[in-house]
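Participant: What follows is a structure written as C-alpha cells; I'll ask about it next.
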C-alpha cells in the first residue's frame with residue numbers, strides 16, 4: 001500500500017519534469033509567476049484551502065491555466081497534480097481547495113503553484129513550497145485516532161490515521177467486534193483503510209484500539225455512516241378547488257443520525273416563474289397556495305439535502321390539466337324489480353360548459369360484473385339490468401375531467417339487494433330402487449339449486465306421487481330444506497313422481513321421474529374398466545334411438561355404509577363421459593351404472609362398469625381352513641372376498657408350501673421370497689376357485705403353508721406361515737377302533753350313573769348301624785360303660801333255624817381265635833360232641849357286619865375293636881360268668897323252657913369279648929382299659945342239643961346263647 005502511494009507521485013513527478021524540460025526547449029519561461037497568499041486547513045473536512053494572486057498582471061483579465069502540486073511528508077513525494085483554468089482579473093484573489101484522503105493531523109503536506117496563459121506554450125516558474133500541517137501534540141503513552149466522529153455516506157471509503165506515542169507498541173484495532181489491520185506509514189503513524197463502509201446503526205459504528213504501555217485501556221472514535229440520500233420519486237402536484245395545489249412525492253429512506261450528527265433531510269419547493277421558495281413541513285407532501293394572478297403554468301423544483309448530499313427533481317404543468325375531481329355526492333339507488341335497479345348521483349361542476357366523465361361499476365362478491373362510462377355536467381343516472389334475484393350488489397361511481405384527464409376522483413358507492421323471485425330451474429333429481437317384502441323402496445335424491453337458479457331461499461321441496469295404474473290416486477309429501485332426499489315405500493304398480501322446489505315467491509319447474517313395476521329388478525352384465533388418477537372414462541352403446549338422455553350414477557364412498565350417491569345427467573347424443581372426483585382414492589372399487597331415460601321419463605339400466613383409479617396389492621390374505629387331513633394330503637379352502645373391500649381385481653391365488661424335504665409337486669415350482677426363503681409355489685389362476693389340495697406329503701412331517709391373492713399390482717402380504725404336521729399312516733385305523741370303544745365306555749358310565757341307585761340297592765344295600773340306635777342310650781345310663789348289652793335289647797338279623805332239640809339252657813364256651821381272615825365255613829374240630837368225643841359238630845359261623853370299625857371307633861359301647869393277634873392276652877368275658885347268666889331274664893328263660901321239644905333250636909354265639917390280660921375274676925371289680933383286638937365279630941349258630949362246656953380260667957370265652965324258636 002505504501003509502495004503504491006509513493007510510486008504514483010513519483011511517476012507524476014517524472015512526467016512533469018519532462019514537460020518542464022520540453023517547455024524550456026520549445027519556448028521561453030512565462031513571466032507571470034503566481035504568488036501564494038494563504039494556505040488554510042479545515043481539519044473536520046480534511047480540506048486544504050489555497051489563496052493566491054498574479055502580480056504584475058497588465059491585462060484587465062486574462063485566461064490562464066494554473067498547475068498545482070501537492071507533496072506529502074517531503075517535497076519530493078508528490079501525490080497530487082491538478083490544472084485549474086480560469087479567467088483572472090487584475091488584482092484578483094483566486095481560491096482553490098483540495099480534500100485529502102488522509103487526515104491532515106497525521107502527516108505534513110506541501111503545496112506549490114505555477115501559471116501559463118491559456119493558449120501559451122510555456123509555464124512560469126514555480127512558487128515556493130508552502131507547508132501544510134496541523135500541529136498535534138501527543139504524550140509518549142497516548143494513542144490518537146483521526147478523523148474524530150467522521151460523518152460519511154454508506155458505501156464510501158475512509159482512511160483512518162493512528163498517531164502513536166513513542167512508548168507504545170503492539171497496537172491493535174477493532175471495528176465493532178471485527179479486527180482490522182493497518183499499514184505503517186512511519187514509525188509513529190499508521191493508516192487503516194476501510195472500503196465500502198456499511199450502515200449498521202443510526203448511533204454510529206465504533207472503532208477502538210489498544211496498545212501496550214498505554215495510559216488508557218482503550219482508545220477509539222465513531223464513524224457516523226449515513227444512508228445514501230435518495231432522489232424524491234413520483235413528484236406531482238394537483239388541485240381540486242383551484243385554490244390550493246397539493247404536491248406530493250415519495251421521500252425515500254430517512255438519513256437522520258443520532259447524537260445530532262445529522263438531521264432528517266429537508267425538502268424545499270421552488271417555483272421558477274414566481275420565484276417563490278417554500279420549505280415543506282412534511283417529508284412527503286406540501287400545500288402550495290394559488291395566488292389570484294391567474295397563473296396557469298407552474299415550474300416546480302423539489303430539492304432534498306442533508307450534510308453530505310443534495311438532490312432535486314423538476315416538473316412543469318398547466319394548472320387546468322392537473323385537476324383532481326372530488327367524489328360524486330348525493331348517490332341514490334332504487335330497485336325496480338328482482339332484475340333491475342336505478343342509480344343517480346351529482347358532481348361538483350364549474351358550470352354547464354364544464355364536462356365530466358364518470359365511470360359506473362357494479363360489483364358482486366368483490367368482482368366487477370358490469371362497467372360503463374357516462375358524460376355528466378351536473379347530475380346523472382344509470383339503470384342496471386339483468387340482475388339476479390335475491391343477490392347483494394355494490395354500485396359505485398367516480399368522475400374526472402373529460403377534456404384534460406388527470407386522474408379519477410375517489411369512489412362514491414352504494415350497496416343494495418334485489419328481491420326474491422320464483423326458482424327458475426328444475427331440480428336435478430335421481431332415485432335408487434330396491435325390492436323389499438313385495439314392495440318398492442324408492443330413495444329420492446336431488447341436488448341443491450345454484451343461487452342463480454333458486455332466486456331466493458329454498459324453504460321446502462314438494463313431492464307428488466301418481467299411481468299410473470290408478471290415476472285417481474296420488475300422494476303429496478313435503479320435505480323441509482335443506483334436506484336433499486327422502487324415502488318412499490310403494491307397491492309394485494307403475495308410478496310417476498313430480499318434485500319441485502319452493503321459496504317465498506313461488507315454486508320451480510317440476511322434475512318428473514317414472515317407475516315401472518319391474519324397476520329395481522334389472523340384471524345386467526358387469527364390465528371391468530381401468531381408471532386413471534384423474535378419474536374414469538365411461539362409454540356405452542345406446543339401447544334405443546328415442547332416448548331422452550342418460551344418467552350415470554356411482555357411490556362416492558363405496559366402502560362406507562353411507563354411499564353418498566352421485567349422478568351425472570347427459571344428453572341423448574352423448575354415449576361417453578369422463579367421471580372425476582376428489583373423493584376417488586387408490587385401491588377402492590367404484591361401480592358405475594348407466595341408465596337410459598325414455599320418453600316416458602322411465603330409466604332403464606343398460607350397463608354396470610366397475611374399476612379402480614389405481615389398483616393396489618391386496619392388503620390381507622384370506623382366512624384358510626384345513627379339511628380332509630390325511631397322512632399324505634390335506635385340502636386348503638378359504639372364503640370369498642367382499643368385492644367392495646378388494647384393493648384390486650383378484651387375478652388368482654398363490655399357495656406357498658415349505659418343508660424340510662423341499663420336494664415340490666409337478667404342478668408347483670421352486671421360488672424365492674423377498675426374505676430369501678426357498679419354498680414351493682402353486683398358482684391358482686382362477687380367482688373363483690377357493691380350494692387347493694396339497695398332495696404327495698410324507699406322514700409325520702412338518703409343513704408350513706401360506707395362501708395369498710395376487711392382482712395386477714402385486715400379491716398379498718408375506719405373513720407368518722401356518723404350521724401343520726401330517727399324522728401317521730395307521731393313526732386313522734387306531735382312530736376307528738379307539739373312538740367306538742371310547743363312545744361305548746362312555747355310554748356304560750352314563751347308564752350306570754343314571755341307574756346308580758338301583759345298582760346300589762341290588763349289589764350292596766345299606767346295613768343298619770346299631771350304634772345309631774336308641775338302645776345306646778340305655779348303655780350310657782349304666783355306671784360301668786364296659787357292661788355288655790342285653791340280648792333282649794338288640795334285634796338280631798334274620799336267623800335260619802336248623803333244628804330244635806329239648807335240653808337245658810346251657811352255656812357253651814368254645815376255645816378259638818375267630819377272625820375275619822381266619823374263620824372258615826367248616827365247624828371247628830376242637831369242639832366236643834354230645835358224647836364227649838372229638839369229632840365234627842354241626843356249627844355254623846357267619847359274620848355280623850353290624851360291629852364294624854366305625855361303630856367301635858364311635859366309643860358308644862365298652863368294646864374296643866382290634867385285630868386278633870397271637871399275643872399273651874386271652875379272650876375273656878367282659879363280666880364274670882355268674883353275672884353273664886343274669887342277662888337272661890326270667891320271662892326270656894321261661895319262654896325257652898316252655899318251647900316244644902319238637903321245635904328246632906339254634907344257639908346264637910356272638911363274640912363280645914376282647915383281648916384282656918389278667919385274672920377273669922378281677923374284671924368285675926376293676927376292669928382294665930381294653931385293647932383293640934378285632935375290626936368285627938364272628939357269629940356262630942350251635943345246635944340246641946350241644947352239651948354245656950366246661951369253663952376254665954385260662955380259656956378264651958365266647959358267649960353262647962341258646963335261642964328258642966321265634967326268638968330273634
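Just so it is clear, glycine is given a Cβ too, placed from its N, Cα and C backbone atoms.
Unlike curated entries, TrEMBL annotations are predicted automatically.
TrEMBL lists these features:
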DOMAIN    327-421  domain 'Fibronectin type-III'
DOMAIN    423-522  domain 'Fibronectin type-III'
DOMAIN    618-729  domain 'Fibronectin type-III'
SIGNAL    1-27  signal peptide
TRANSMEM  733-754  transmembrane segment
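Have a look at these and tell me how they're positioned relative to everything else.
Facilitator: Per DSSP, the secondary structure of the domain 'Fibronectin type-III' (423-522) breaks down as 4 helix, 51 strand, 45 coil.
Across all of the domain 'Fibronectin type-III' (618-729), the predicted model scores a mean pLDDT of 87.
Beyond its flanks by at least six residues, the transmembrane segment (733-754) meets no residue of its own chain at a Cβ-Cβ distance under 8 Å.
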Participant: What is the number of residues in the domain 'Fibronectin type-III' (327-421) that are helix, strand and coil, as DSSP sees it?
Facilitator: 0 helix, 58 strand, 37 coil
